[in-house]
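Annotated features in TrEMBL:
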- 11-360: domain 'Major facilitator superfamily (MFS) profile' (DOMAIN)
- 12-32: transmembrane segment (TRANSMEM)
- 56-76: transmembrane segment (TRANSMEM)
- 83-103: transmembrane segment (TRANSMEM)
- 109-130: transmembrane segment (TRANSMEM)
- 142-163: transmembrane segment (TRANSMEM)
- 169-187: transmembrane segment (TRANSMEM)
- 247-272: transmembrane segment (TRANSMEM)
- 284-304: transmembrane segment (TRANSMEM)
- 316-335: transmembrane segment (TRANSMEM)
Amino acid sequence: MKLNFPGDRGNLYVSVCAANLASISIGTHYSWTSPALPKLEAPGSFIHLTSNEASWVGSLTALGTIFGPFLGGWVMDKLGRRWTLMLADVINLLAWAVLLTATSAWHIYMGRFLGGFSGGFVYIGIPVYVAEISEPQVRGPVGAIFAFLLVGGFLMEFLFGPYVSYSTLIYINFIPPVLFLLFFSLIPESPHYFIRKNKMSKALDSLTWLRKGRSLQEVQREFTELQFSLGVFFYCIYNGYNMSSYPWWPLASLVGYIISFGSGFGSLPYTVMGEVFPSNVKSIGSAISAGSSWFMAFLITLFFNNISESLGPHFAFFLLSIFCIISFLFTILFVPDTRGMTLQEILDLLNNQRGAKSKA
């Protein structure tokens, strides 16, 4: 916290970027199978995986992500958002170490599960941390960074994976979590967490550092508001990745999907979820949301090939498109516009809507 970075919001932006290095790390885990599985299934591979083993390798990360948020939510309340992400990064590094030294399919299973388990921490930790340290005017844009850098992790695997060896790819994947430890160790804990733990002096120090360039009166005013506005987040996630060599139009569709995912479903839910849960249900709400979401992701990843082989890949993607349409309708009908609102104003808006519906 002794370092200061250029610009009025320099400390805030550096904090957000440092935290989101973890999203790159998790993105590499979720997309690692795309370049790695062909190597592991190839004849002469040091660990030759069967088709069934490859399915488990692909799906166990999602299974690990089901359980991660529940422990992560508990750690987030007990140790703070910062230490939750630091612990996630250590587990992430351990997962890559297990995959690097694997000598059997079971070792790969363990590494994949640990990677997903770490992701469960990250998926609830980053949105909460970023929402709590951000100003209302920039909360939306900085919240969207999470999904863009997550997709950046996908891109990293697709760029390097096909052209390097199994072990070299893992060494490359060590880079984001190591950089995370180096940079995030310089960043303070969320002032919201300090206030919840009644550590007012530390909360004010953290907020003052994050609001570098603001007057003392402005910081004091926001600090007072924070004590009444510990509202944070509704969690929604969407998962899917696969690349194939087909004519240009499927590739163009994939690029369009990535762009729309990063600017829509992939980014905005993390902004919304950082705003709508009240503090007293923040951890359990995020854990339940992430756990149920990744349970579905586990089932989809495990059975996608079976559905594609039985009914055709077009049917599998048709089912996914139906859920996208349902999500679109849900967003139009039920998700409020929170632009420029403080967390307390958002909470008041949701409470008023609930009260109006109960009277009706």
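Every residue gets a Cβ built from N, Cα and C, even glycine.
Curation plays no part in TrEMBL annotations; they are all automatic predictions.
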When only pairs 6 or more apart in sequence are counted, do the transmembrane segment (83-103) and the transmembrane segment (12-32) reach 3 or more Cβ pairs under 8 Å? yes
Candidates 12-32, 56-76, 142-163; stretch with most C-beta pairs under 8 Å toward the transmembrane segment (109-130): 56-76
So, does the transmembrane segment (316-335) come close enough to the transmembrane segment (12-32) to give 3+ Cβ pairs below 8 Å, pairs being at least 6 apart in sequence? no
Kindly state the mean pLDDT of the domain 'Major facilitator superfamily (MFS) profile' (11-360) in the predicted structure. 75
